[in-house]
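One structure is given here, and the rest of the page talks about it.
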Amino acid sequence: MKLLFTNIRQLLQVRETNVTRLNGSEMKELPTLENAWLLCEDGRIADFGSMENIPSFEDVEQVDASGKILMPGWIDSHTHLVYAGNREQEFVDRINGLTYEEIANKGGGILNSAKKLQETSAEDLYVQSARRLEEVMKMGTTAIEIKSGYGLTTEAELKMLKVIKRLKENYPIEIKATFLGAHAVPKEYKDNKDAYLDLLIDEMMPKIAQEGLADYVDIFCEKGYFTVEDTHKVLAAGEKYNLTPKIHVNQFNSIGGIKAGVEHKALSVDHLEVMEPEDFEVLKGSDTMPVALPSCSLFLTIPYTPAREIIDSGLPLALATDYNPGSTPSGNMNLVVSLACIKMKMNPEEAINAATINAAYAMGISDTHGSITKGKAANFILTEKVPSYGFLPYSFGANHIDSVYINGKKI
Ligand code: NIG
Ligand code: FE
């Protein structure tokens, strides 16, 4: 099956050779072909070029993209999309003056979601999660990472990961699964965190590995959750099962989690709202991708990740939603890209690079996704008629999506 897009106003993120990530000033360049065509074959990008010298094709289904932009679909490398119910009440509690921390200390927060999830059947959890997945696909997300971490018992963590597996089987979108058993210390282990970590390492991890349910391992390294020492322990255990780390660090405090992540060759370190000079230093020269989650900053009214300092110091940066019921009940990557420009002073080129090619790196799929490169997956956003790509982040709150393609098929 061949699919041909013609008269594309702007074809974004055109990379002739495979680039896997962009560092610092490289992020300023968004290679763009004006008035272009693109051919897909068997779900992959077969060829592209300028309309001025379009070859004649036979047996192709044609899409006229006049006035429209064609670009790689968004890649959301950090979500907690599998969850039960919602935390609307905590949202109202915060409006009325409680902080996220106060709510968590009262047994709300992650533990609230864990209780709900434990009481929800696998079928119901699947139905709720599938609805969210369909919602984000319509908003242009064509690859997504999903974490466990609202189970916090062996049974419930496995339930979550099996739901992710079922989503992988039933939807065309590329999905990676992350084991985040170390998301919070369950109530029963409040005074015995080490016993919970033993359970996580000696019981949960082997089962998850045996059933091939996770690609990555994560931990919430933060005051009141897990220490740097815990982080070393969990990540070292993950290594034995080939679970590469992608970790939650520096959301509220800089306690040395980034260094621990880099030492364990983390694929990404995520959140980074609070950054100390030494955090920048340890990231320099590493293969670890910093990931910012601006919708979380918006929703919790906490600082935004200092994107400018990160990029201006030569480091790469990726963007993701953090879609979850507590800190970011939104999986809208279009909004994330706008917020990155508005609140983090990223240029549209930098934000689009951060949500495509660098996001692919943070998900471990940049060899096959994240740019318009021959052989890569034919995963695209076709926009409505818009003047240029800068209009996308500029008109914040609107998505401007005409259609979304995954593996060459319109969803
Ligand atoms: O990435 N920070 C830790 N975990 C999630 C939020 C968890 C929750 O509130 O449910 C996050 O923001
Ligand atoms: Fe998160």
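Backbone N, Cα and C atoms are what each Cβ position is placed from, and that goes for glycine too.
Predicted automatically and left uncurated, TrEMBL annotations should be read as such.
Of the residues H248, H264, H369, TrEMBL places H248 in the same Fe(3+) site as H78, H80, D322. Residues R87, Y150, H183, Q251 are recorded by TrEMBL as 4-imidazolone-5-propanoate binders, and the candidate that the same record lists for that site, out of S25, S295, S313, S327, is S327. Distance from the CA of H80 (Zn(2+) binding site) to the CA of S327 (4-imidazolone-5-propanoate binding site) is 10 Å.
Same-chain neighbours of the Fe(3+) site beyond H78, H80, H248, D322, judged by a C-beta within 8 angstroms of the site's C-beta center, are, in sequence order, T79, K147, D270, H271, L293, C296, A320, Y323, N324, T328.
When the Cα atoms are compared, H183 (4-imidazolone-5-propanoate binding site) and D322 (Zn(2+) binding site) turn out to be 14 Å apart. Each residue contributes its Cα atom, and for G326 (N-formimidoyl-L-glutamate binding site) and H80 (Zn(2+) binding site) these two points are 10 Å apart.
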